[in-house]
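The following features are taken from Swiss-Prot:
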- 64-84: transmembrane segment (TRANSMEM)
- 117-137: transmembrane segment (TRANSMEM)
- 169-189: transmembrane segment (TRANSMEM)
- 203-223: transmembrane segment (TRANSMEM)
- 240-260: transmembrane segment (TRANSMEM)
- 276-296: transmembrane segment (TRANSMEM)
- 309-329: transmembrane segment (TRANSMEM)
- 345-365: transmembrane segment (TRANSMEM)
- 403-423: transmembrane segment (TRANSMEM)
- 520-540: transmembrane segment (TRANSMEM)
- 557-577: transmembrane segment (TRANSMEM)
- 617-637: transmembrane segment (TRANSMEM)
Amino acid sequence: MVISPSLIISSLNLGILTILLGSIFFFSKSYFSKGNVNFPLIKTTSACLSVNNDKEETIEYNSGPFAMAILKVLAFLSVLSLLVTCNNSIQSINITLSLWLSNTPLNISLNFIYDQYFLVFLSVALIVTWSIMEFSFYYMTEDPNSSAFFRLLTIFLLNMLILTCSNSLFLIFLGWEGGGFLSFLLISWWTTRNDASSSALEAVITNRIGNIGLITFMALSALNFNSSNLTNILSSNENLTPLLPFLLFGLILAAAGKSAQFGLHPWLPALLEGPTPVSALLHSSTMVVAGVFLLVRTSELFSSPLITHSLVLILGGTTALFAASTAIAQHDIKKIIAYSTTSQLGLMVTAIGIGQPALAFFHICTHAFFKAMLFLCSGSVIHSLSDEQDLRKMGGLSKLLPVTSSCLILGSLALMAPLLAGFYSKDLILEATSASVLNLLGIVLSIVATMLTAVYSFRIIFFCFSLSPSCSSPFSHSEENFNLNNALLRLATGTIASGWFFSNLLFAPPSFNVTSLAKGTPLIVPIIGVAALFMSLISSTSNSIGSNAHSATTSQWFFVDAVHLSIITMSLALSFFSSRTLDRGWQENIGPQGIAPTSTALSKISQAGQIGLIKRYILSSMASVLVILALSLLILS
């Protein structure tokens, strides 16, 4: 009996999702039993035994090892599924579990699609999350609610996998909204911190704007095609002409909100108020790439209108340049990495704009490894420096934290050095932009942003390792914890090997007919950026710090100030208008100030008729009778 490869892939992936869903219910902090305790629990160093007043024996343990074991097994299963797909050249597998609503004008079914996009992303997401979960066991060891934290991380991953494997708009929206809700819970994990709560609220409100776009796309698709199946909607491309601008607007708005494009970007740096593992997971392989992944899934809609390509290209290039220029002026190490994420998301959107969705997805996969590693390295450094995050106070980390410092250098070089993960995908995107005949402005913005990427990447290396430490706090943590080292080394392996592996075994990189100068652009641009950094460091003086360019980049192009000022100005203008037109205008004249004059005038009219003349009484009576007769005749006729 020969087993079909499609059946193997479907079974493995459904099993992965089912096990991941079932594992959520086992993240419990304690178990209770009468008498002897014979539960087959995972033994950890944090396990303890206590007896309460009812003589119930309670075992409390940290569920971190259980979460790591589950994700480890699922990661190996996902890699096995990916290898089966590669060996059999399977394009996609569509699975319909059930028709949820079948007797309605809109048929809603639970559809899953297992294609190359999902299978590659599944392996990357599970490996990265496994590493982050292992790091969390080291980082959150003193948190009393660590079991709930592991549960939320797992649910968050599950929502992202539902989003990426769904072929139904209903399930896509479920994963989309689930990721947003879980991000609120994770960012505000330390609920006693006002900054964490306000940052979580900012992220939710900003994502609501993006949700308007996704709901617009879903509503128009449902009304015109009576189907929630994404493949059916995309295959009806010839019937989309009247609706295409509105559908594209919805998709671009949704992606801009979820992937923090320029204009809706301030929520992404706000994620840093949560624990470092949350920042690593959100910035690498889950929530922030959901918008770009949605554009990759629906890239067929972007094939015809060139103006849409230009708009997306300019949006991505502006985002990349804005974030890169802001990152070079930051001093908080986590903020530099956060703005680096925004810049790389802009580069992914640029790839969509030039009609290369496969390159955007390629960059998603390579970016996940080194970005997660950079955040974990920053968390290790911050722990070791007693919560110090200022880049200027660091230095000499190579002797104090050899593993962390090596991984931090590797992650910083991944965006600019050849033969590392980020360079493979970024090289192809820049080469594709050079060969593009679309908007020149977006292409120039992307190239300048890439040069600035080398600046802030090398700036991290320079301040952390070339200088002597100026932090007075003692180094209270070391690298003896194997959970920290294992997580970093696993991600370092992915940073080194993923670019070559994906480009040679999974993706077929397109070839572009470009000049030798354009071919060497990905190598020339980082060198120019590093040279500019050294020149600025050599010639920098205390008087040059107050320059206009430095003020603009430090203040994020004054975007936040402009938005806040516009909101305040608009509120004051509306208040002034309300005060003049309502409180001190017609409402005041009609209401409080108008009742007395109106009553006086009516009283005078009434008094004028009460002067004691009989002829006036008879005249008013006759007039009343005539009016009544006229109304009666009018009604009867």
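Note: Cβ is positioned from N, Cα and C throughout, glycine not excepted.
Distant neighbours of the transmembrane segment (276-296): 117, 121, 124-125, 128-129, 132-133, 135-136, 139-140, 153, 156-157, 160, 163-164, 172, 175-176, 179-180, 183, 186-187, 189, 210, 214, 251-252, 254-261, 268, 302, 312, 334, 337-338, 341, 345, 348-349, 352, 357-358, 360-361, 364, 367-369, 371-372, 375-376, 378-379, 382; these residues of the same chain sit at least 6 beyond its ends, with a Cβ under 8 Å from one of its Cβ atoms. Cβ atoms under 8 Å from those of the transmembrane segment (403-423) belong to residues 340, 344, 363, 366-367, 369-371, 373-374, 376-378, 380-381, 384, 397, 453-454, 457-458, 460-461, 464-465, 479, 484-485, 488-489, 491-492, 494-500, 522-523, 526, 529-530 of the same chain, restricted to positions at least 6 beyond its ends. Under 8 Å from some Cβ of the transmembrane segment (64-84) lie the Cβ atoms of residues 5, 8-9, 12-13, 15-16, 19-20, 23, 26-27, 42, 44, 90, 119-120, 122-123, 126-127, 129-130, 133-134, 136-137, 140, 146, 150, 153-154, 506, all in the same chain and six or more residues away from its ends. Note: the stretches the transmembrane segment (345-365) and the transmembrane segment (557-577) are not in contact (fewer than 3 CB pairs below 8 A, sequence gap of 6 or more).
It is 309-329 that, among the stretches 117-137, 169-189, 309-329, forms the most Cβ pairs under 8 Å with the transmembrane segment (557-577). Long-range neighbours of the transmembrane segment (117-137) within the same chain, counting only residues 6 or more positions beyond its ends whose Cβ lies under 8 Å from a Cβ of the stretch, are 9, 13, 16, 62, 64-65, 67-68, 71-72, 74-75, 78-79, 81-82, 85, 146, 149-150, 153, 157, 160-161, 164-165, 275, 277, 280-281, 284-286, 293, 296-297, 361, 364-365, 368-369, 372, 376, 379, 483-484, 486-488, 490-491, 494, 498, 502, 506. Below 8 angstroms of C-beta separation, residues 100, 108, 110-112, 149, 152-153, 155-156, 158-163, 196-197, 199-201, 203-204, 207, 211, 214-215, 218, 221-222, 228-230, 233, 258, 270-271, 273-275, 278, 282, 286-287, 290, 294 of the same chain, each at least six residues beyond the ends of the transmembrane segment (169-189), sit close to that stretch.
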